[in-house]
Structures are given as structure tokens and as C-alpha cells.
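Listed features, source TrEMBL:
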type     : residues : note
TRANSMEM : 26-50    : transmembrane segment
TRANSMEM : 62-82    : transmembrane segment
TRANSMEM : 103-129  : transmembrane segment
TRANSMEM : 174-196  : transmembrane segment
TRANSMEM : 252-273  : transmembrane segment
TRANSMEM : 299-325  : transmembrane segment
TRANSMEM : 345-364  : transmembrane segment
TRANSMEM : 370-392  : transmembrane segment
TRANSMEM : 404-426  : transmembrane segment
TRANSMEM : 432-453  : transmembrane segment
Amino acid sequence: MTGEDKFPAVEVLDGKPQKLSLKREVGLVGAVSLVAGTMIGSGIFMSPQFVLVNIGSPGGSLVIWAACGLLAVLGSLCYAELGTVIRESGGEYIYILRTSGPVLAFILIFSSVIFVRPASVAGISLSFAEYALAPFYQDCPCPQLVVKCVAAAGIVVTATVNCLNVRFAMSMQVFFMVAKVLALSVIIIGGVVLLIRGETESFEDSFNGTNLGINPIGIAFYQGLWSYDGWNNLNYVTEELKRPEVNLPRTVMIAIPMVTMLYLLVNVSYLAAMTPRELMLSSAVAVTWGNKVLGSWGWVMSIAAALSAFGSLNGTFFSGGRVCFVAAREGHMPDILAMAHVNRLTPSPALIFTTAISLLVLIPGDFQSIVNFFSFTAWFFYTITLSGLLYLKIKKPELPRTYSVPIVIPILVIMAAIFLVMAPIIDNPAIEYLYVTIFIFSGVLVYVPFIHYKLCPGLLEKVTVFLQLFLEVAPADKNL
């Protein structure tokens, strides 16, 4: 018996049971805002110093930022083809399920639900809190307890908005994307003025001191790619996208090159305003830039960075809750997570669950560790996902495709992904990455008894029915 049979659906006027489905509310503008607005978040305001610390030179850091953008573009083109062949929400989870089978798909969803998505939410919320509090703690470090309380408040507010209304959440995303682009434009214009004035010291012998070791390059990529996280967000909400066969590839070709160009220009501006040493020692790059360039108006950059991170948090929640939702619909998560609110048509149980796990991850987390372990895990699963695209291209060429990429592109991205997974553990192995790997594959220990053999106590069904009535939700069908 499936979750569809166990729990009541919504009745229509003719008396036949009719399941809910999420509406196609996301158009091209909303899609661009979702991708670009999620990408432009905390990373560009938090990661530049970490990229520079690891790679060792201004020129090397700019190469890393450009290479990260190119990798995001190539990866998103591959995902655009996957999204037009497999027109279901869920991103990597649904693609791995359809190409590699349920065991690997469950390992992904287990890692994603317990760590990857909550880690992303926690990392973004921490940077939001750091910048929101920066004007109040200009002369001393902000207490970590205060930072985490503000970060938790940001998570709860964002989750509430996404539970209440999809259209309002997307309107927020468009608003925050405009605010972010304006903030980055201010930084870029300030950098142009500084360069015209001759502030070019940071670019003299700009590759001097570059670290060419595998480990520092890999970690620098991790920190840079954190700022590009969100390039695949649209694939999580394919069933809510209008005309996905057209808008999916069109969106990524608009959003990601735009973000890459903005990031490069912003980093040039940072280096024009600060020496490499000043940038590396800064705890909040945008605030330091604002204090040096805008003077008494430097606090404006703190507010802009906080708003940017909040917008990214909103986009991450919008897409992240759909992963739980789709996995539950496929039988890999509790049935309650595959339900939507009967009036608002939002996947509120999945969003509430994501919120709870994110708050738990937030308690012990620190920004840099979260970024490194998130990136390691994420690129491991990107490798498997893109291998599935190669399988579809070679073994299933007859499948209808409205968009296709040359086979060399997924091969190049897979090679880059393998490098990113292996780099931190080849040159300078750390025991933490072994722990992360063990955690990823521990999902098999959960899959065998609870999914394959369905050793699920009857108590779970009673809890599901209670929560269904309490949360006013019902099973939701695919929107194909």
C-alpha cells in the first residue's frame, strides 16, 4: 500500500478523489531571480578572503573565480538537458533515481536532507547574521551566541514565508535580486573610480606567491564555488516552472554568465580598495570595502550584504524543501513530507522539516567548515548525476530532447568534479573527509531495513494522519 492509498485526498465536486498539485507559478523572470538571486548571496561577501588565503595571489584568485563561473555554466547546461528529458522536480535526486537506481538516490537524499541542504541553509544564515550585526559590533567581534540566534531567526522567517505563499516567496526573490545587483553595482562603480585614480598596487606582480598544490587549489575552488551555489536550483522546481523546455536552458544562459561577470568585477574592486593582506585579514570583506571607500556610509554595505544573504536564504529554502517533497513522493521519506497545504498549495511539511534540521546543524557549525564539507559532498553527487546524463546520451538517444549539449561538456564537468572531490584528500588528507564519506554511505544502513524491507512501525502511520489533519495538508501529485 502506498502513501497515496493510506491518506485522504482532497474531494472535488463530483465526489471523486483528486490530489493536489503544485502550481506552475515560476516564469522566466522568476526563474532568473531564483537562480541568480540564490547564487548572489553570502559567498561574494564572505568567500573572497578565503579564496585568496588558499591560492595565495590576487591573479590566482581571479583565475579561480573565473574558472568557478565557467564550471557553473557548463554544469548548468548539462542540468538543462537533464531537466528537459526528465521533467520532474527534485534535481540530483530524481535524476539519480531515474538513471542509477533507488539505492544511490536514497544515499543522496539521506545526505542531502541530513547535511547538504541544512548545511547550505546554516552557512547562508550565519553570513546573514554576521553582516546584519556588523554595524552594532564595529570595534569588537560579535558574540557567537548572538550571531546564531539572529541566524536562527532568519531561518524561521524565511521558512514561514515559503510555507505561506509561493507567489509571495518568488516576489521576494525578485526584489532581493534587484537589491543585490544594485549593491554589487555600487561596489563595481567604486572599484572603477579607484582604478581610474591609479589604485592598482594589488595587480602588480599579481601571480607572485600563487600556491599550485592540489589541496590549496581544491579548497580555493570550494570557497569560490560556494558563491556559485544555486546554479542548479531551477532543476529542483521543474514542475513549478512555466514552459520548462524553453525557460530552463534560457534561464541558465542569462543568470550564470551575468553572475560570473559581476563576481569578477566585484573582486577587482575589492583588490583595488584593499591590499591582498588587508583582504585576507578581513572578517567581512564588503564592510571593510565600505569603510575604506564610502567612509561614514560604510554601514550601507553591511545592510546590503545582509539583504543579499537573506534573499539567497529564501531561494535555498524554496528549492531545498522540494527535494524532501519529491523524495517522500517516491517513497524514500515519510509520506507526510509529500503533502501540500490544501489552500496555499505549498509543500509546508517538507519546509518545516528542512527548517528543523537546519536549526540543528546551525548549533555547532562554523562558516568555513560548513562550506568545505558541503562542497565535498555536493560535488560527489554532481559526479554521479552527470554520469547519468552520459548514460542517457549513449544508451537512450531516442528520448525526446528539446535541448541537448555536446557530449564533451558533461565529460569535462565530470573530470572537474572528480578533481574537486579528490583534491582535499590527495595532497593533504584530513580525517574529517573520511568521516563525511562514511556518513554518506551510512545511508545504506537506513535504506535496507526501512526502505527495501519496509520495516516501518504502524505508529508512523498514526503520526502521519495526525500531522496531516493538524497541518491541513493532503497528498500532492506530479505536475507534468
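Including glycine, each Cβ sits where the backbone N, Cα and C put it.
Contact between the transmembrane segment (252-273) and the transmembrane segment (432-453) is absent: fewer than three CB pairs lie under 8 Å, with pairs separated by 6 or more positions in sequence.
Remark: the transmembrane segment (103-129) contacts the transmembrane segment (370-392), by the rule of 3 or more CB pairs under 8 A. Between the transmembrane segment (299-325) and the transmembrane segment (26-50) there are 3 or more Cβ pairs closer than 8 Å, counting only residues 6 or more apart in sequence, so the two stretches are in contact. Listed stretches 345-364, 404-426, 432-453 were compared with the transmembrane segment (370-392); the greatest number of C-beta pairs under 8 angstroms is found for 404-426.
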